[in-house]
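Report on the following structure.
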Amino acid sequence: MKLALTCITAAALGWIASPQADADTILYYDSVSGGTADALDRLDGQTDGNLVASSSATTTLGSNAVFFAEHGSQYRVKGLGDGLDKQFRFGSSAGGSGTMSGTLRVAHMANGPYIEVSFTAAQDMVLDELSFKLYNNSNNGSNYGARDAGLFVKVSSDEFSQFGELFTSPTSNGNQGTVTFSDTREVAAGDLVVLRIAFTDRTRPNNDGQAATRIGAINISGSAATISDKLRVLTYNIHGGKGPDGEGTPLANLTAFRDTLMQNEDVLCLQEVDNGDCWAAVQSVFADYPYRYRTINQETDYWFWETPKQTSVAIISKYPFVSTHHKLVNTDPTYDKWERHGQHVQIEIGSEIVHIFNYHNTYDPADGGTSSEEAGMVKFREYVLERLGPNAISQQGRVLMLGDFNINGTLLDGIMPDLVQRKTDWVDHVASMSHFSSSGVYSSGSLSDHDGVWAALDLAAPTPDAATWASAPAEAGTTSITMAATVASDPSGVEYYFSNTSIPNGSHDSGWQLDPTFTDTGLSPATTYAYTVTTRDRSANANESMPSAALSATTDDGDPLPNDWELTHFGDLTTSSGGPLEDQDRDGTSDIDEWRAGTDPMDSASRFHAWIEQDSPNAASIRWDGVAGKTYRILTWSAVNSEWVPATGEIPATLPTTSHPVDTTSSTSGLFRVEVLGEGT
């Protein structure tokens with residue numbers, strides 16, 4: 001389904017607009033319906049002498065909110081609150097006059113002007129196009145304004161990345177027309193998306209307070225999609241299914257957490273899963289997670305007459321486990337001396353194995369600091385390395401470590417400095433060797449004494465996986481081979497890498513490119529080269545497909561003999577160059593004539609043979625061994641002209657014998673010649 005989203009249509013996708021600010025732009029909004037200028041809030045909470053500021057700043061927008069972006073002059077943008085219209089006002093003071101429908105004036109700023117609009121996606125989709133109208137103004141007869149316009153997109157916790165190509169506009173006043181940016185960017189339901197329209201180069205006027213550039217008619221286009229290649233994971237210390245002060249029951253609390261907070265995560269890593277009704281509630285509430293792996297932790301310091309207390313860590317998943325493992329990583333040094341087991345499961349996403357670790361680290365309030373907790377995390381790191389091999393954390397991108405680590409993010413970074421990304425809330429972490437597409441925290445309130453921490457990761461390679469060939473490698477002359485991959489698909493876009501495996505130093509590889517075709521040049525004549533092609537997506541994780549099957553092609557040797565014919569009969573391209581005197585089987589017929597005739601140049605008994613047979617007293621035929629795909633003609637000798645002249649047109653081959661009748665009623669004798677037609681004749 002294609003969605004045309006004009007003017008950031010909240011009605012179409014349920015997007016929620018929210019303001020963005022930076023050090024060079026001061027943003028205000030007016031919560032008074034109608035957009036009056038006498039009740040303005042500065043979003044940074046500071047007062048301003050030119051405008052009336054309210055007593056408290058807020059970023060909550062009413063349906064008729066008005067934006068002011070102030071830099072020398074004030075610029076108002078109406079309608080971002082409900083997203084249904086774009087009425088823009090500008091003026092030289094707070095109550096400035098003048099109304100311009102559909103455009104926003106942007107003042108010159110020290111670091112380059114830009115406008116940001118953000119929204120929260122209400123459904124999974126792929127952004128594929130954004131356009132807006134660009135205007136440049138004139139000041140005292142001098143033209144100035146935006147020269148280069150660029151669009152940058154930030155999805156949740158990702159960094160800004162360029163969307164489409166930069167637009168280069170000449171510096172002139174007047175309507176520069178509609179600027180369109182085409183690209184692909186995956187957006188999942190709940191993702192916060194920030195669109196930044198930036199002007200990267202411009203001519204500054206003498207009066208820096210005047211607006212030089214205006215934009216309007218913002219239009220966003222996207223395709224609804226089911227984002228199936230994202231792995232969503234969650235860590236949650238459920239506190240035995242009880243609230244911070246024992247509120248609720250495991251069944252009620254877990255049900256509320258699932259129904260009001262969760263966003264259909266694929267894998268849950270749980271801690272403090274107590275025996276009895278707590279584990280039963282987990283299995284009941286999360287019945288749609290059929291794959292479960294639970295490991296008991298119990299106290300080790302107890303009186304002999306006591307039954308030791310137990311709790312557990314558990315991983316539950318919608319994906320089947322390829323393997324499971326647990327190990328006693330540490331034991332608390334004081335109090336009840338609880339066991340601390342680490343869990344490791346493997347799941348398969350496409351062709352990739354994803355390693356997920358779950359751990360509830362030591363907690364020792366008696367040490368007066370964090371030394372015991374840090375020591376416990378060092379042992380957990382050792383467990384991860386033990387499972388994956390030396391240096392595995394930095395070498396394997398598909399590694400996720402989740403749990404209640406009982407240390408903050410700064411301490412975790414010191415113990416695991418090679419992490420690519422983490423999401424942290426207090427002592428709960430999702431730590432990863434892959435980039436997150438998005439992440440967040442579920443505030444559990446009275447449902448537990450910990451919040452849930454979640455992250456979504458794009459870990460799937462483009463399809464097909466492995467890559468395949470659309471056109472196998474084929475010679476394109478004496479020094480080139482050309483090829484084409486099957487066009488692959490991925491919501492983040494696709495790149496291709498063609499590898500010449502016969503030259504392992506990579507000097508004849510394509511490098512990563514957007515084009516699914518490749519021509520390898522500068523090769524040696526008459527040489528065979530093998531190739532594979534691999535694809536990867538354009539997400540931050542650059543997920544690669546499996547390589548294609550290796551296929552080979554041989555560059556042309558420059559002689560008149562076809563390469564495949566030479567390889568079939570000689571096994572190489574160097575035995576014969578097709579010269580008129582080259583005769584490998586020494587049967588009196590040159591190699592090139594054997595190719596023309598369709599005979600075997602390595603078998604002296606395989607010769608082009610023609611004869612005359614009498615069919616009746618008054619009829620005869622010339623017959624010869626036919627070769628599939630060949631055409632022939634018969635020539636007669638002209639004694640008058642002393643030359644061979646055609647006696648027939650083209651005669652297609654019939655198998656196994658081709659024939660043509662000749663006139664035998666004439667009393668004069670004649671000479672006949674059968675000629676093979678075609679290339680090189």
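A Cβ is built for glycine as well, from the same backbone N, Cα and C atoms used for every other residue.
Annotated in TrEMBL:
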COMPBIAS  538-555  compositional bias 'Polar residues'
DOMAIN    234-430  domain 'Endonuclease/exonuclease/phosphatase'
REGION    538-558  region 'Disordered'
REGION    572-593  region 'Disordered'
SIGNAL    1-23  signal peptide
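Under 8 Å from some Cβ of the region 'Disordered' (572-593) lie the Cβ atoms of residues 526, 554, 557, 559-561, 563, 566, 599-608, 680, all in the same chain and six or more residues away from its ends. Counting residue by residue with DSSP, the compositional bias 'Polar residues' (538-555) contains 0 helix, 5 strand, 13 coil. Mean per-residue pLDDT, taken over the domain 'Endonuclease/exonuclease/phosphatase' (234-430), amounts to 93.
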